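Undergrad: I have a structure here, written as structure tokens, and I will follow up with some questions on it.
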Amino acid sequence: MKEAEPLAKLAQTSGLKTPSRSTAVHKDECIYSTDTDKSPDGIYINLKSFESFGKGVLHLDTSGDNAIYLHVKRVLVPVNPEVNYSEDVTLDKVDSSTAINKEPGSTTNETAIVYKQKKTCDEVVEYEIYCPSLGLTVPLESAPQGLATICKAVIDHEAFNFNPDEFVWKDYLNESKYAEHLIQVEAPPVIKYENLVCDRCGAATNLWLNLSDGYIGCGRKNYDSGGCADGEEGAAIQHYNETGGIYPLAVKVGTITATSGDVFSYAADEDCLVTDPYLSVHLAHFGIDVSNLTKTEKTTAQLEIEKNEQHDWSEMGNGKSQVAQGPGLIGLENLGNTCYLNSAVQVLASVPELAKYFVENIESIATEVPEGTQPCGDVLLQFAKIVKALTTDRVVEQQRELLSRYRKACEEMGINYEEPEQLKNVAVKPSMLKYAIGRDNQRFATGDQQDAEEFFSHLLNTLVDMETEVKRRTKTNFKLKSFFFFKYRQYLVCESLNKMTYNDNEMHMLCLPLILQSETMELDPTVEINLQHCVSNWEREQEIDYIDQGKHHVGVITNALVTLPQYLVIKVDRFFYNMDGTSKKIVNPVVVPQEGIVLETQGEVDHKGYIVECNTREPKKAKHQGNDTLLQQLMAMGFQEKLCRLAMEREGNDNIDTCVNWILSNMDVVSEDTPDDKAGVVATNASILMDLGYPLELANRAAEKFGDDLAAAVDWLATEDFAPTTQVKQKGRYKLWAVISHIGESINTGHYVCHITKHGHWYTYNDAKVLTCDSAPTNNGYLYLFSRLE
């Protein structure tokens, strides 16, 4: 083909080479959008950078105008299910009653199993060469030989793995303190390790063997299974209680091998899965030789994972659920133990102001990725990309387009339309977002299950810390911090020293202990806990012992809110650690009042004659000599010279990032109209007044009016009846917006789902599945998001 000649020449002059085994080839997903080769327009793989692009973002490719792409598109082609089956498969059925005595591979001719697999469509992959500068699109089979060789190497190359760890749901177990000196009865029963049943109900599965006396009983109840066949609590733990709690360790029958076995400690100070390094010795006490045993039952961790995968989480909403699709109703695929990430991202993306900002500014965020940073590893870009996919109609429209094309193909071929399984789910993969976050925090780069609250906080703090970077890229204000963060004050009153000490702090979350009405009462797992009561407990007085100037004193600590956020995040402390390091979970149902949560700031405080000390750290200011190069760099960004010089004076003359941060924070305080000799003082005093609790507008007015006389500015604000926000009592009512729930007994093997309200309706987000939900299921909540009512 003549058109192939200029293509071959361009490929040669561009220096295209076959990717080596170590070359990172990003061919599964667009780096700027969630498009894949299964999208309506497929994806375009740059044959020089080996990065992938969706059709709509090809203009973001910075590799040059002469780029050549391998265009890959997967298409579903209908087949006639009446005549198209996979080949018949015939299996000889093994006689299970006697197979144990047969030679390996022997069969009976009693019954043969014949099955056919129904097939509704084929998946066809289409390949083309696309060169925008030449205006050419060439089928791969017609491409020049050298270019075709490169494309073939890309097709055969293993795609870059954004999830390098093998995803195994790990549970970290501690050695039981009772294992080394375990009590074992004299003259123990000799146990023949076959055909074992529960001593109480006769069940033959989920059996646990007590390692002290050889008792065999059913395992304890789980949240949806377990216990004895008659519905009672498992015989194994009942036996432990009936024998006075002196035989704590039991091993699960069927999990024992020469090297391991599921061991549970019923002791109150452990009450969890443990390891027993002396297991083989303990079992030999009953005549059991572990070297001859093989695993025949699933471990506890495997069973919990299986339950998490198969459980209908929508039932938490107490109503019949249906699949939901639409903007804001897009699922996130589980990459392997990433339910924590999926739940946290869905909740953050549901905040309207945040979603709107990132969707509107994704183009500038994408075009201003810092030099030296790969787009696939840029947190801001990858978060914006996922937010756009989750909250706009783009993914839904793509799905509708694929269904429309498939339906049309069925009509043209005269085949009855049946929605293919491949198109029934609307979800996107957060692979690159996880990869980008994991580059900054190795804990989230692994395939281990993580704490959803820790990830939520890490992601939110990361975005807040990058406010300056976001402003640089978008040239617009980004005030995520103002939506979530609030100030609180902690008081320490010491009567013996007649002193009141306070410290102001800022945080984005209330962490509330699940405390019942009395601290001394035993925690009954069935008792409901009111979330409003937990808030009250956080504010109540608590007596502590502390050291002041080398001496012990008794003081009283109280927490008080100073400001109220627009969005309130509450974490309930369901998980805690015993002294031995084992984790425990409080499973009590949490109730959110129907009228919502009410918060109040403290208002005026009666000092009662105490000596008052403030421990809040004051910001340090220092002057620096000028730096003409830095000044020119700052002014080249479009900032006023006055602001640039002030930034250099306040933040130093050797770091452009800190200077830009100061300018963006103070550009509303200092203007060109502010006299040069007054500008620095105005900025400093306005900042101090805002730290004292005055809003930006009043702080600016007072600083402009009184210049370097800070005392006069404070007096003016006071006499003009402008009281700082710390002194004005505010009240805010919050309605529940979203909740992340944890199901399961262990934080390492549990499962996270979230529920979010949209347009007056509740929805369940369980990884890739989004379902309708009749009401907000708060009982199992771990992290709650509230929105403040006007």
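Including glycine, each Cβ sits where the backbone N, Cα and C put it.
Pulled from TrEMBL, these are the listed features:
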- 1-21: region 'Disordered' (REGION)
- 11-21: compositional bias 'Polar residues' (COMPBIAS)
- 174-290: domain 'UBP-type' (DOMAIN)
- Cys198, Cys201, Cys218: Zn(2+) binding site (BINDING)
- 330-789: domain 'USP' (DOMAIN)
- Cys339: active site, nucleophile (ACT_SITE)
- 625-666: domain 'UBA' (DOMAIN)
- 674-720: domain 'UBA' (DOMAIN)
- His751: active site, proton acceptor (ACT_SITE)
Undergrad: Determine the Cβ neighbour count for Cys218 (Zn(2+) binding site): the number of other Cβ atoms within 10 Å of its Cβ.
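TA: Within a 10 Å radius of the Cβ of Cys218 (Zn(2+) binding site) lie 29 other Cβ atoms.
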Undergrad: If you run the three-state DSSP split on Cys339 (active site, nucleophile), which class comes out?
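TA: DSSP call for Cys339 (active site, nucleophile): helix.
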Undergrad: Using a 10 angstroms cut-off on Cβ to Cβ distances, just flag whichever of Cys198, Cys201, Cys339 is the loneliest among these recorded positions.
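TA: Sparsest of the recorded positions Cys198, Cys201, Cys339 by Cβ contacts within 10 Å: Cys201.
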Undergrad: Looking at the binding-site residues Cys198, Cys201, Cys218, whose Cα is closest in space to that of the residue listed as 'active site, proton acceptor'?
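TA: The smallest Cα gap between the residue listed as 'active site, proton acceptor' and any of the binding-site residues is with Cys218.
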Undergrad: Tell me, how many other CB atoms lie within 10 A of the CB of His751 (active site, proton acceptor), whichever protein chain they belong to?
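TA: Around His751 (active site, proton acceptor), other Cβ atoms within 10 Å: 24.
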Undergrad: Taking the domain 'UBP-type' (174-290) alone, what is its mean pLDDT?
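TA: Mean pLDDT for the domain 'UBP-type' (174-290): 89.
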Undergrad: Quick check for the class: what is the C-alpha distance, in angstrom and rounded, between Cys218 (Zn(2+) binding site) and Cys339 (active site, nucleophile)?
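TA: Rounded to the nearest whole number, the Cα-Cα distance is 31 Å.
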Undergrad: Where does Cys218 (Zn(2+) binding site) sit in DSSP terms: helix, strand, or coil?
TA: strand
Undergrad: Per DSSP, what is the helix/strand/coil residue tally across the domain 'UBP-type' (174-290)?
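TA: Taking the domain 'UBP-type' (174-290) as a whole: 15 helix, 21 strand, 81 coil.
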Undergrad: Taking just the CA atoms, what is the gap between the residue listed as 'active site, nucleophile' and Cys198 (Zn(2+) binding site) in Å?
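TA: It is 36 Å, counting Cα to Cα.
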